[in-house]
Amino acid sequence: MINEVAEALTPTATATATGRLERPYRRFETLSCFSCNPQKVFPRREVEVRRQWQHCGQAFVNNKSDYYSNTTIHQEEDKEADISKATLTWRAIKLPIYSVALIPLTVGSAAAYLQTGMFSAQRYSILLISSVLIITWLNLSNDVYDFDTGADINKKESVVNLCVCAFLQSCVVVMSSINFRFCFAMCLASRTGTLVSAYLLLALGFLGLAWVSVKAGSMRAILLLGCAVTCGYIYQCPPFRLSYKGLGEPLCFAAFGPFATTGFYLLQGSTREVIHLPFTGSILSLSLLVGITTALILFCSHFHQVRLGTERGSGVVKWAVTGLYVLTFTFGLSSALPFTCIFLCCLTLPIARLVVSYVEENHNDKQKIFMAKYYCVRLHSLFGTALAAGLVVSRMFPKLSLSSTFGLS
């Protein structure tokens, strides 16, 4: 019975006129089975389930040679078949990615401290918790919508896929069989439950941002942060889904750079008495740098999917990292950033070099290139920390300026 279920769950590949294998979910990207009436979906279960349940079928297949074809893609999938559940759970949580919630807030708060000498630990804590909740919404809803389009059909660490497969495996042990309608119903329940949880987290996170904005008396800040959340929505959520149109990196840059970093700057430096904190060259420069490092994480997360090809993609990474440090030196020489920021950012050059060399050496290896995004997370975290530390040191020791250091004053 288990083998019969596995065969029914196994997706098939059809050969095009050019001899290239076409995966079924490629034709399914614009149609979500969850937008249909379940009563109409069930009679077509052998079509719909095959397209959504490839990795679940793997759990019930005894003979992998019958399941995998001799294509390169399937051989690479076979190499990852033995990944432990703990590893998949760690990947699903994506804990290192939450640095994108920490760095914009920390840099924005440091910029406000440089400008006003003000820092509120209470606001910082509430904003950090709210940011983490919103990032969790991004991760969960992204898994759901990618599941709908079939983009995550081979992604074992997808939250939706992990929940459904864990439940089905327990059902096999208990019942020794799976009813197709029950199987599809559990898929729908897992998908819906994940999506509802995601939007509840978004609501809680945005309430936290709104509360701090009201307390600080800054409507400009909540507008900027609202724009950041909007960028996240149109990046992945229907009917926009601009990430499928190659606009993910620009949206990521805008959301975490100019919008989020500047918004946090306004919230940390504003009170009901001082509500017109200026947009200085420092905060604009800082937001650009934070946006670049954040967009670089997203680019390397989908490195194997870039339309430029992996070789050209590695060149994009090299130019982006080079441009990051060129801009940092330029902003420092123009006095937009303190000299301390330039000095501390120079200390992150080894990790930047590691990112570039790793991508150049492994851009053709889909197994190794997976780690590129984690190296980018390290660069993002260290570079952002260097910026924030440089701003704080500059405020505490104002004589450490570029002009005084080189005797230009």
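Just so it is clear, glycine is given a Cβ too, placed from its N, Cα and C backbone atoms.
Quick look at what TrEMBL annotates:
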- 95-114: transmembrane segment (TRANSMEM)
- 121-139: transmembrane segment (TRANSMEM)
- 159-180: transmembrane segment (TRANSMEM)
- 192-212: transmembrane segment (TRANSMEM)
- 218-235: transmembrane segment (TRANSMEM)
- 247-267: transmembrane segment (TRANSMEM)
- 279-303: transmembrane segment (TRANSMEM)
- 337-356: transmembrane segment (TRANSMEM)
- 377-397: transmembrane segment (TRANSMEM)
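Remote same-chain residues near the transmembrane segment (218-235) are listed as 134, 137-138, 202, 206, 209-210, 241-243, 247-248, 251-252, 254-256, 258-260, 262-264, 266-267, 270, 275, 277 (criterion: CB distance under 8 Å, separation of at least six residues from the stretch ends). Between the transmembrane segment (121-139) and the stretches 192-212, 279-303, 337-356, 377-397, Cβ pairs under 8 Å are most numerous for 192-212. Listed as Cβ neighbours of the transmembrane segment (377-397) (distance under 8 Å, sequence separation of 6 or more from its ends, same chain) are residues 96-97, 99-100, 102-104, 106-107, 109-111, 113-114, 117, 282, 286, 289-290, 293-294, 296-297, 321, 324, 337-345, 347-348, 351-352, 355. Residues 34, 123, 126-127, 129-134, 136-137, 140-141, 143-144, 159-160, 163, 222, 225-226, 229, 267 of the same chain sit 6 or more residues outside the transmembrane segment (192-212) yet have a Cβ under 8 Å from a Cβ within it.
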